[in-house]
2 protein chains.
Amino acid sequence: MADVTPGSAVKTVPAPKDQHLRDLADCIRFLSMDAVQLAKSGHPGAPMGMADIAVVLFKDFMKFDAAEPKWFDRDRFILSNGHGSMLLYSLLYLLGYKDMSIEDLKTFRQVGSKTAGHPEYGHAAGIETTTGPLGQGVANSVGFSLAEAIMSAKFGKDLVNHHTYVFLGDGCLQEGISQEAISLAGHYKLGNLICFWDHNSITIDGDTSLSTSEDVIGRFKAEDWHTLEIDGHDTDAIRDAIKAAQAVTDKPTLIACKTIIGFGFPTKAGTHKAHSDAPGEEEIAGARKLLSWDAPPFVIPENLLTEWRAIGARGAEARTAWEERFKSAPAEFQRRVKNELPADWRDAIAAARKEFIDSGKEMATRSASGAVLNHLFDAIPEMLGGSADLTPSNNTKAKNQTEIHPGAFDGSYMHYGIREHGMAAALNGLALHGGLIPYGGTFMCFSDYCRPSIRLAALMEIRSIFVMTHDSIGLGEDGPTHQPVEHLAAMRAMPNLGVYRPGDPVETAECWEMVLEQPHRPAFLALSRQPMPLLRKEAGTENKSAKGAYVLLEAEGGERQVTLFATGSELHMAVEARTTLQADGIPTAVVSMPSRLHFEMQDAAYKKSVIGTNKARVAVEAAVELGWERYIGDYGRFVGMHSFGASGKIGDVYKKFGITADAVVAAAKESLAEVG
Amino acid sequence: MADVTPGSAVKTVPAPKDQHLRDLADCIRFLSMDAVQLAKSGHPGAPMGMADIAVVLFKDFMKFDAAEPKWFDRDRFILSNGHGSMLLYSLLYLLGYKDMSIEDLKTFRQVGSKTAGHPEYGHAAGIETTTGPLGQGVANSVGFSLAEAIMSAKFGKDLVNHHTYVFLGDGCLQEGISQEAISLAGHYKLGNLICFWDHNSITIDGDTSLSTSEDVIGRFKAEDWHTLEIDGHDTDAIRDAIKAAQAVTDKPTLIACKTIIGFGFPTKAGTHKAHSDAPGEEEIAGARKLLSWDAPPFVIPENLLTEWRAIGARGAEARTAWEERFKSAPAEFQRRVKNELPADWRDAIAAARKEFIDSGKEMATRSASGAVLNHLFDAIPEMLGGSADLTPSNNTKAKNQTEIHPGAFDGSYMHYGIREHGMAAALNGLALHGGLIPYGGTFMCFSDYCRPSIRLAALMEIRSIFVMTHDSIGLGEDGPTHQPVEHLAAMRAMPNLGVYRPGDPVETAECWEMVLEQPHRPAFLALSRQPMPLLRKEAGTENKSAKGAYVLLEAEGGERQVTLFATGSELHMAVEARTTLQADGIPTAVVSMPSRLHFEMQDAAYKKSVIGTNKARVAVEAAVELGWERYIGDYGRFVGMHSFGASGKIGDVYKKFGITADAVVAAAKESLAEVG
């Protein structure tokens, strides 16, 4: 083991077991140092500490082909400690990924470069997920690993048989989300998941002993993991550990790797000074001496680069053999791997609509969503359901979905437990892996617990689907801790997130159609606990929600004087208010706005046709006003929430907060009076 | 041990060790059943399962006096599994808390009642914290426990010497936040913290085995806890366990209590059917028979009520003795217990202002905040600092603060580790306990990790202070994962949360003053990484930020034609733009809006005087537009973010997204042209 005394620098480097492997690792070390130094910003410590592990993993184990980075059956490599991004970028360059040139490394952390401060999904092939917010990568990995297990159970090991390898740091472990992930992975017996803990005893504030006394191995054992402890610079030990991990197929493995942060730095190694920031020319010069490295910055000696490139091409044969098998794979597998929906999937939406219209019944949108899912799952078998222990409330389990059990992955429904954050991050991993369309439910108030993962889905532009029921004070008795009030505004503030709040069963079907149409946008479905009447009774399959907002009922008996905007469970309230206003001789339109985001994508003419040229306007939504000012304008009124909610019967709660059709009528008349 | 077979009902009740204690427990059980049945909503399972534990704890151990529920040195009782609220309400009634009558129990879950679906802090004395969102209570408890330890270390055991007792369920344990809490508590050796796990093997979806395989004891041991396992219905075992827990003073204790959910129900006990919802008259009748309980609904037999009331009064003597000691306690202790600030605390704000003005230097608001804290801590020793492993970046450690170490609580600064959520919940517990004013820092982007706890602070109306630095794309190289874009809007959407974004060092001091002035409002300080010029150079101590927004620079050379709104690091941009516009002959005002919430509290006349009657307006903020429409109105323009950020040098990033003084000038001219 490397001799690391917390708080003091490691001024020598342990002799390598294999100098050649050390040289390969030093390629990563110097590229990382050089790039951070050039950028004058970044995190050299982790790449330098984990370089030896990366060498053994990629040289001897990783199943991949740098020439075809999207090969479906590749092993996934997840850098959960994303601040160590130069480790990944260095690897991609060394291995010969076409997306990553030496120039890209030189523009590390510059605007427009592929090499962002933290790995950004979509910037370059080989970046499997966006990491940086700590704990997210390891929690994504549960999704990657689950996806492999589920696809493998259905289509066989000839087509799907790979591992998920994860690098993670102390920060990942301290974040609560990692516990949810570890616990889920252990419970479900995800044997294809192998994690390497960069046990360097250092965080930004100083030694980890400042803030933690955890027995990490004990913690993982308690979650039923296979655990190993090694010297993270001993290449033989690394190799043996990975072999042992692969041999245990009914448990995930944690390999605790004792490492020296900033391995090779002459004065900063082993201390928190190695964690972040440019090391300085002098420190790098010292590292060159210590590691006997002669090459200039950003230059990799040819023999080493050649070997790295050979490692990058090592999987070509396996990949082409798989491609042969793929040609004769089931059509469903081929379709799912290509991320294509079945040709007739929209029939499921049409069938749900017809069901709603035929019945004509009032219905909670969470129930309507459940009914849509019954049809959708039959049409789209890759839909993977789940809930954070609220299955009966979220209506997330389609009637033909079967449960996935620990070690038995031939199902389509997950019990994520009371782990909203872990679920959301797993959904991201599932979506990123491909072959599945994951959705998961909880109470909308607890979307706050998922928010960091929802944000990453939005940033990555992936179709994770968050089914959020009990979407307002309409939740009733559970009270303000469970009643979302600010969540609609807070979620609408997030770029690229589709926030849908359907106002009746038909709109619910339309919103699900929108969700599935957009593979590059995560969805946040805000669904009611309480029933609401069927408002959309027309035949046909035109998706009126698709433009985000539309005129549900135009003004009658004259030019439009008032526009009422509403969403979700308040839509029928606006319709009632309109009836009164029309009876009072005020031509009033009702605009339904299930998705603000989609409405904002429309052209000015359409927007104007919906909003109207009249200035008297009212928005009604059982949530805070923030954002509605945009539509109601200078003379408008808002009927909604101005505080947290209250525990009580739904009708009483709505009355308490003055969200009623009468209040909408009064507000409309006020607005009209102000317009004059 | 009770014989519980997962999935099958427990149709008999184990014989009690002590029938009298069973009778006392049955008081809780029947009140809980009756209230849930009357409300036709609620969660009877946990109160019925944990009633025996509650009896032993309150009868033999809890230090409290129902007549003086706010006694500072009382033990704190935290119901982390807050859905079991009827356990707490029943206890408060039985113990004779004046705030809780039998009528209150009969209005369980009705609008206006004290007995909300989940315990709401402030509704009745004896409710120490709002729980319901799972895991929050146990994480609050770390704060309660820390507060006791810190106050005790400073003022001695004669004045401060109590325990924090926590009831928690499987949901609490599955939530990631509990891991952060457990890990923190174990690390800091919080020996005064004793938790009871309601190990009933049931969640809403069914048996816990559906979603977890955790060795809970192993998990707690890994975090250095003292652990015990008992039958949660064996009153002798419960008593012994609490004694053993109290004897271990250098470790928190987990007592795993094997319980039967819905203990006493004839068909639902031991199954997930006992968890939620009204049990039905028949089930309650069966429970009456099984437990030989003759009293009608909501009636407690007199002998039992008398004994309960005696338990409630048991602590009177200890309390009055403490009150005597309090009279001769140090003035600082008396002041802090009364939640009063030192008389001269504002001098610290004035000193910081003077320092900024004398230096005249440009400064990041995070640095200004650090400078303010240097003065504030010297003036207000109860300020307890901390950071989630970003101390050097958050500038949260005042120069005279000393670190708290495991088991050594005579300090004023906490290393919370990379546990943003656990930190935020601990801040809530610290604030609720009293005697300390807690604040904690992280990068603002990771406020998403803290959001559920920030929400509870806002709902509870307590002064938890969240110091959020690196508040925009101005963070630069770390890129979009670390750049808040939607967070300002998302936080402003939250009722009662003070969101402050100061625009220069003086405003930073003013915002801190506002934070400390408001004991019933949590604070969210959005502070920049990058420096900005000193804009407020006037002498004096008038707090211009206190009204939320004010005219920083009035239009000159004619009636105001344009209003520029800005906050934080964009304020100086607005000032630059104004210079250009004025030079172009356009009288332009700059409005600084450090707190939207406080501006909204002002009267219409003041608001109008700030916004102006002119229609040409521009808001500039390096964040999304949501909410600014309210101020810029129908003709306004917004200069800010419309997407996630990007990794790069700060200047390049601002340019890429078009957030510049030139853009503000152009937008102002556009707006002016539209007004015509």
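We number each residue from 1, going along the chain as drawn.
Including glycine, each Cβ sits where the backbone N, Cα and C put it.
The annotation site 'Important for catalytic activity' is assigned in TrEMBL to A:H43, A:H275. What TrEMBL records for A:H43, A:H275, A:R366, A:S393, A:H470, A:D478, A:H482, A:R529 is substrate binding site. The feature thiamine diphosphate binding site is assigned by TrEMBL to A:H83, A:G132, A:P133, A:L134, A:G171, A:N200, A:H275, A:F446. The annotation Mg(2+) binding site is assigned in TrEMBL to A:D170, A:N200, A:I202. TrEMBL lists A:363-534 with the feature domain 'Transketolase-like pyrimidine-binding'. What TrEMBL lists as active site, proton donor is A:E420.
Structural mapping of features recorded in TrEMBL.
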residue : record                            : Cβ contacts under 8 Å, 6 or more apart
A:G132  : thiamine diphosphate binding site : A:G82, A:H83, A:S85, A:G117, A:H118, A:P119
A:P133  : thiamine diphosphate binding site : A:G82, A:P452, A:R455, A:L456
A:D170  : Mg(2+) binding site               : A:D198, A:H199, A:N200, A:S201, A:I202, A:T203, A:T208, A:T212
A:H275  : substrate binding site            : A:H43, A:G45, A:A46, A:I202, A:T203, A:I204, A:I261, A:G262
A:R366  : substrate binding site            : A:S393, A:N394, A:N395, A:T469, A:H470, A:L527, A:S528, A:R529
A:E420  : active site, proton donor         : A:A388, A:T442, A:F446, A:S447, A:Y449, A:C450
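Residue density at A:G171 (thiamine diphosphate binding site): 25 other Cβ atoms are found within 10 A of its Cβ, drawing on all protein chains shown. If you take the Cα of A:L134 (thiamine diphosphate binding site) and the Cα of A:H482 (substrate binding site), they are about 27 angstrom apart, rounded to a whole number.
A distance below 8 A between C-beta atoms marks none of the recorded positions from A:H43, A:N200, A:I202, A:H470, A:R529 as lying next to chain B.
A count of other CB atoms within 10 A of each Cβ picks out A:N200 as the most crowded of the binding-site residues A:N200, A:S393. A:I202 (Mg(2+) binding site): 30 other CB atoms within 10 A of its CB, across all protein chains. Within 8 A of the CB centroid of the Mg(2+) site residues A:D170, A:N200, A:I202, the other residues of that chain are A:G45, A:G169, A:D198, A:H199, A:S201, A:T203, A:T208, A:I261, A:H275. The thiamine diphosphate-binding residues named in the record, A:H83, A:G132, A:P133, A:L134, A:G171, A:N200, A:H275, A:F446, extend over a maximum Cα to Cα distance of 34 Å.
Counting neighbouring Cβ atoms within 10 Å of each of the binding-site residues (A:H470, A:R529), the lowest count belongs to A:R529.
For the substrate site, whose annotated binding residues are A:H43, A:H275, A:R366, A:S393, A:H470, A:D478, A:H482, A:R529, the maximal Cα to Cα separation is 48 Å.
In the three-state DSSP classification, A:G132 (thiamine diphosphate binding site) falls within coil. Mean pLDDT across the domain 'Transketolase-like pyrimidine-binding' (A:363-534) comes to 98 in this model. Between the C-alpha atoms of A:G171 (thiamine diphosphate binding site) and A:H482 (substrate binding site), the distance comes to 30 Å. DSSP gives A:H83 (thiamine diphosphate binding site) a helix state.
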